[in-house]
Structures are given as structure tokens and as C-alpha cells.
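Straight from TrEMBL, the features:
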- 1-550: domain 'Major facilitator superfamily (MFS) profile' (DOMAIN)
- 386-440: domain 'Kazal-like' (DOMAIN)
- 41-62: transmembrane segment (TRANSMEM)
- 69-90: transmembrane segment (TRANSMEM)
- 138-163: transmembrane segment (TRANSMEM)
- 175-203: transmembrane segment (TRANSMEM)
- 223-247: transmembrane segment (TRANSMEM)
- 276-295: transmembrane segment (TRANSMEM)
- 315-336: transmembrane segment (TRANSMEM)
- 348-368: transmembrane segment (TRANSMEM)
Amino acid sequence: QFFVFCHGLLQLSQLLVSGYLKSSISTIERRYGLSSQTSGLLASFNEVGNTLLIVFVSYLGSRVHRPRLIGCGALLVSLAGFLMALPHFLTGPYKYDHSVASTFSNTTDLCQPGAPGAGANLSDASCPPHGSRENQEVLLVMFVAQVLLGIGGVPIQPFGISYIDDFASHRNSPLYLGIVFSLTVVGPGVAFMLGSAMLRFYVDIDKVSSAEVQLTNKDPRWVGAWWLGFLVAASLVALCALPYFFFPREMPKEVGEPLVLSGFPVVLLRNLRHPVYLLVVLAQVNISAMVAGFATFMGKFLERQFSLTASLANMIIGAVNIPGAMVGIVVGGAILKRFQMSLRQCSALCVLGMLLCLLTAFPLLFLGCPTQKVAGVTHWDSSGFGHHAMACNARCRCPERGFNPVCGSDGVEYTSPCSAGCSSLALRPDGSVLNYTGCSCVRAAGTARPGPCGTGCPHLFVPFVVLSCLAGILASTSHTPSFMLILRSIQPEDKSFAVGIQFMLLRVLAWMPGPVLYGSAIDTSCVLWERRCERRAACRYYDNTLFRHR
């Protein structure tokens, strides 16, 4: 029972490390200037180390000291977690454009017609000589960490489950495994809640005093302390790893002989030729690819469509969507148990769940906000808004890549006070900007307030969350019956191997490509890219309707 307790905790904290990355993905994109395709590849890269080793390790099975190997794997996962946070300590403080001169820089992004080349110093400053090399180092460290995370995770689940199943009585084994699995489902939810908590702190909380930070977490330039969560999760894993080095190799003697590799190709072909097995696994591949893409970018989607902070988006996913999926899994299992379903009824239940899910998910195509009007990006009017210098701010010599969005009193957003032609500003007592005045591009009053205008459709947010949660519940009711279809249609002696192949196919065909495909699709809906040293970095503005549809 102590082993079950330790193993539940270990799986939970291991999933904290891998799930936390998904909760902070939009923040890491912004901090290091990554496209969604790159961040999607990063999120799915832990599957690479995992896939390479999983079959080999499952085959080793009972020939090794399992608890000790689990402990070593956990220490690797912990190391990977600390490595994920390392880039924060290797790179300098986060820089962003601002209007008020401060200890960081004396540049400003107001409109200064008098000073020749006032804008030039801003754009040159954003490209330090070692900028692009630093970025490659950051990516290298993170990709290595993800591979280690995958490798470390290999022994944890299979060895833990077989160890419990070998030494628990037949009556208690399902209960113990149920406990471990339920904690596995809770893991990602806890990870998103951890993300929600950590991203409320400013990224450089350890490098600058809070008085010097002029951003609030609602600002589009805000970057939260994404690295803190990795330190928390990695420490937890390290703690959970310790007891494993003190468990015995075996408790009583185990029964049953391990699968021998000579039978490997025969069993593989026998399973792959089985039509039910193949069809169900392909169906699972399709839905898993969708879930993998969703889990990675759902937070970012909510941030952009409904102008939420990263912290709030994570809170919604961790507190609404993931518990919804858990409810669905439990309900599916309960229906199976209550009605003692046959295989045909199992497949009917799967089809029904999916059809109802499609019906509830269909309106989500239309529940979202139109793209905000951004001058010179998504909005042009008759007063000489060109693609390049607009007539109204031509005298300002704005830096091309300045980004400090302001919202004009006419409801149009501008990428910086300079591009709105604002020449002066009013401050609050605490030193933050109250508003900008004398803005030659803004109609009517000619004032602008700091921050984006927002997408202006908060009334659609609650229906979206309710429907997406409902769709998730309905889709996940088919989780347990689809597993039953596989387990009952396969010859009993091939069972563990069939499940192994199933997970490998899911990894290779769904969990690896899923986030990359989703990230690439999201990138195609970008209308303004940030540029760093002539390199395309993160996306500033998306076409919201395209983003939603794709």
C-alpha cells in the first residue's frame, strides 16, 4: 500500500513536469520569440525519447530491479524539469518597449518629431550582437530537457503497474490500479492550476524589484514567471524518487513468464491484421491527435479569442475542461459496468459519444470574437493608412518593430504610442501610464489608453466554456468502452503486448505530430509577426476568425 501511495504521487508529479509546459507555452513563445510550430514541436518532443525506449523496456519487464529503475527514471525526470527552467538563468532580463524612461533604458516610444532618428535607437537596441545565438542555446537546452523527460518517464508507468499487479492480491489489484490511474488523470489539471498561479508573478521577479516593473498581467507584453513552476514540479519529483531506492526487488515470487522476443513479429502481425483492433486504434489515434493539439494550444486560443490573461485561461482549463473529461471517463466506465455491455454495444456507445460531441462542438466554430481593429495591420481607413508609414505619423519616424499597444479613443488599436502619433503622456502617482494625448492618428479626442482594446465579446465566453466542456465530457465517455473493445477482441496472451503497440502507435501517429500540426495551422492565421534580428519570432496579432476555424 505504501508503494501504491508513492507511485500515485510520483505519477502525479511526473505529469506536473510534462503538463506544466503546456500551461506556460504561450508565455515561453512570447519570452523567447517562438512560432507556434516550434513550440508545438517542443511540447511533443518528450514523446521522442519515450517512443525509442518503451518497447525495449516493456520487454525487459521482470528481469531487472524495477523499483530502483523507477527511481532512476524519476531522477532523470527531475533533472529534465530543472533543465527546462535553466534558460531563465542563462539569459538576461526580459526587455520590452515602453514610453517612460526607466533604469533599464532611456529610450521612449512616443512620437518625437524633433529628434532625428529618435526611433532608430529603439530598433537597433532590440538586436544585441549575440541575440540570435542566445536564442538557439535556449532552444537546445529545452529540447534536450524534453528528450530526457521522455526517457526518464519510460520505466515509471509500465514497471510501476506491473509491480503493483504482481504483488497485490487479485481482489485489490484493480482498486490499486484505479487509484494510480485516477491520479494520472488529475495530473494535467493540477499542472494547469500551477501554471495559473505562477504566471501571475512577473518573469524577472528574481532579477528586478517589483517597483521597476511597469506592466500588469493584463498587458500583451506581460511575461509570467514560467520557470518557477518547473522548479516546484522538479523538486516534487526528486522527493518522490527517494523511497524507490528502498523497495525490495520483489515481494513474493511472481508468476507467468515474460514475452520472448522471438515471437515478436508473429504477434505484431497477428494484432495488426485484426480488423477491430486496427480500426479502434486508428479511431483513438484521430481523437488523441486532436486532444494533443488542444491541450497544447487551448490556453493560447482562449487568451486570443476572449482577451484573457494566461493565468485565467489556465484556471479555466484546469478547473473546468480537464475535470469535465474525467467525469466523462468515469461515466463511460459506469455505463459499461451497469449494463454489462457486449462488444457491439461498446462500439455503439463510442459512436454515440462521438456524434453527440460533434453536435455540441459544431457551434464552437462560431463562438468567438472578431479580430480587433489594429491600424495598419487589420484596419485601414481613408486618412492615408498605408501598409508602411501612415500620413498622420510620418513625422514621428517610428521604429518598425516597436510593440507597446495602445487603444485609441476611436476604438482602433495601434501597435505603439508612436504609430498612433501620440506626443505626450499623463502618469499615475505610482509611475504607470494613465493615458496618451496629442495623438495625431486618433480621430475625435486624440487620446489613447495603454493596453490593447480587447476583442469586445465577453458575452460569448461563458457559452464557449460550457459547450467545450460538454463536448469534452461526451467525447471522453468513449474512452473506457474503446479500451474494452481492444482488450476483449485480442487473444488473452497478447493482451499486454497489444496495449504496448497501441500506445506506441498513439505516440508516433498522434502525440508527436498533433501539437506540431496544430501549431503550424495556428501560424498560418498570423497577421503580424514580431521580428528579432531579421528572424521571424512570435506572432503579435492573429486573424481571430481564421484562428478559430483552423
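Every residue gets a Cβ built from N, Cα and C, even glycine.
Same-chain neighbours of the transmembrane segment (276-295): 22, 40, 44, 188, 343, 350, 354, 475, 478, 482, 485-486, 489-490, 498, 501-502, 505-506, 509-511, 513-515, 517-519, counting only residues six or more beyond its ends whose CB sits under 8 Å from a CB of the stretch. When averaged over the domain 'Major facilitator superfamily (MFS) profile' (1-550), pLDDT in the model lands at 83. For the domain 'Kazal-like' (386-440), the DSSP counts in helix, strand and coil order read 6 helix, 14 strand, 35 coil.
The transmembrane segment (315-336) makes contact with the transmembrane segment (348-368): 3 or more of their CB pairs lie within 8 A, with pairs spaced 6 or more apart in sequence. Between the transmembrane segment (138-163) and the stretches 69-90, 223-247, 348-368, the greatest number of Cβ pairs separated by less than 8 Å involves 69-90.
Same-chain neighbours of the transmembrane segment (175-203): 4, 7-9, 11-12, 14-16, 18-20, 22-24, 27, 31, 88, 94, 157, 160-161, 164-165, 168, 210, 213, 215, 217, 222-229, 232-233, 295, 299, 309-312, 314-315, 317-319, 322-323, 325-326, 329, counting only residues six or more beyond its ends whose CB sits under 8 Å from a CB of the stretch.
Sequence-distant contacts of the transmembrane segment (223-247) (same chain, six or more residues past either end, CB-CB distance under 8 Å): 2-3, 6, 9-10, 13-14, 16-17, 20, 23-24, 27-28, 30-31, 67-68, 70-71, 74-75, 77-82, 84-85, 87-89, 94, 191, 194-195, 197-203, 205, 217, 310-311.
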